[in-house]
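Trainee: Structure provided below as structure tokens; questions to follow.
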Amino acid sequence: MTELILSLDVLDKTEACAIAKSCAPYIDAIKVGYPLVLATGLSIVRDLADLGLPLIADFKVADIPNTNRLICEAVFSAGFDAVIAHGFVGPDAARTCVEVAHSHGGAAYIVAEMSHPGATEFFHGGVAERIAELAVAVRADGIIAPATRPERIVRLREIIGKKTIYSPGVGAQGGDPDAVARLVDGIIVGRSIYAAEDPAAEAERLSRIRR
Ligand code: O7E
């Protein structure tokens, strides 16, 4: 079954908690990134933890190994269950994120290719493939691949095999959830849910998408 991950990119704590609570029966995890954490502080993690869903820290960690370690330790100490890191920083820096995640019993996912139009400038031409290979080499739990380019998901799947693929870019960015869901382990959805008139109804609709 393809997971549905809510990307909770709202800026108000009360609104974030209300949306998360109403969608909770239909989603498998919540992705929290810079917009929400910078607006509300890390305490949002404790507020959301009450829902009992895995919390994924989308900080796209991309620094030297020591700084990556400090960031990831803070992520897991705050109560997150998983972290998302960039792979273009190289194997030592990416491996650090994976090691810290695993030492906390958590998971680490590496961004192989991004979903926006400009991402093709640097990720295409073999780079995304190399990052996917790196994700395998550093024993990451999976990769992030673009729902806006299903053919690229297919290509990256060839490299990573059965590892998890989480895919953002459906809905607001144009990706078709029906086409993508059968290719990946989870779709990441933000605006289509949280900006909907009835976020819970939209989450429920998307949750019915199965491989
Ligand atoms: O377009 P939306 O509103 O459905 O939101 C998509 C979310 O996924 C948003 O938080 C954005 O920052 C994130 N995202 C992408 O849209 N494209 C990517 O290539 C990568 C991510 C991302 O989350 O990376 C880590 C999973």
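Cβ from N, Cα, C; glycine included.
What TrEMBL records for 3-206 is domain 'Orotidine 5'-phosphate decarboxylase'. Taken from TrEMBL, the feature substrate binding site covers ASP9, LYS31, 58-67, SER115, 168-178, 190-191. The active site, for OMPdecase activity annotation in TrEMBL covers ASP58, LYS60, ASP63. Among the features that TrEMBL reports, active site, proton donor is placed at LYS60.
Tell me what's around each of these sites.
Mentor: When Cβ atoms from all protein chains are considered, those within 10 Å of GLY171 (substrate binding site) total 20, not counting its own.
Under the three-state DSSP scheme, ASP58 (active site, for OMPdecase activity) falls in the strand class.
In the shown protein chains, 15 other C-beta atoms lie within 10 A of the C-beta of LYS60 (substrate binding site).
There are 16 other Cβ atoms within 10 Å of the Cβ belonging to ASP63 (active site, for OMPdecase activity).
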Trainee: Expressed to the nearest Å, what is the distance separating ASP9 (substrate binding site) and ASP58 (active site, for OMPdecase activity) at their Cα atoms?
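Mentor: On Cα coordinates alone, these residues lie 10 Å apart.
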Trainee: Those recorded positions, ASP58, ASP63, ILE64, GLY175, GLY190: which ones have a Cβ sitting under 6 Å from ligand 1?
Mentor: ASP58, GLY190
Trainee: Between GLY175 (substrate binding site) and ASP63 (active site, for OMPdecase activity), how far is it from one CA atom to the other, in Å?
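Mentor: With distance taken Cα to Cα, ASP63 (active site, for OMPdecase activity) is 30 Å from GLY175 (substrate binding site).
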Trainee: Under 8 Å Cβ to Cβ from ILE64 (substrate binding site), same chain, six or more residues apart: give me those in sequence order, or none if nothing qualifies.
Mentor: VAL89, ALA93
Trainee: Which one is closest to ASP58 (active site, for OMPdecase activity) in space, judged by CA to CA distance, out of the binding-site residues SER115, GLY171, GLY190?
Mentor: GLY190
Trainee: Other than its own, how many Cβ atoms are within 10 Å of the Cβ belonging to GLY190 (substrate binding site)?
Mentor: 22
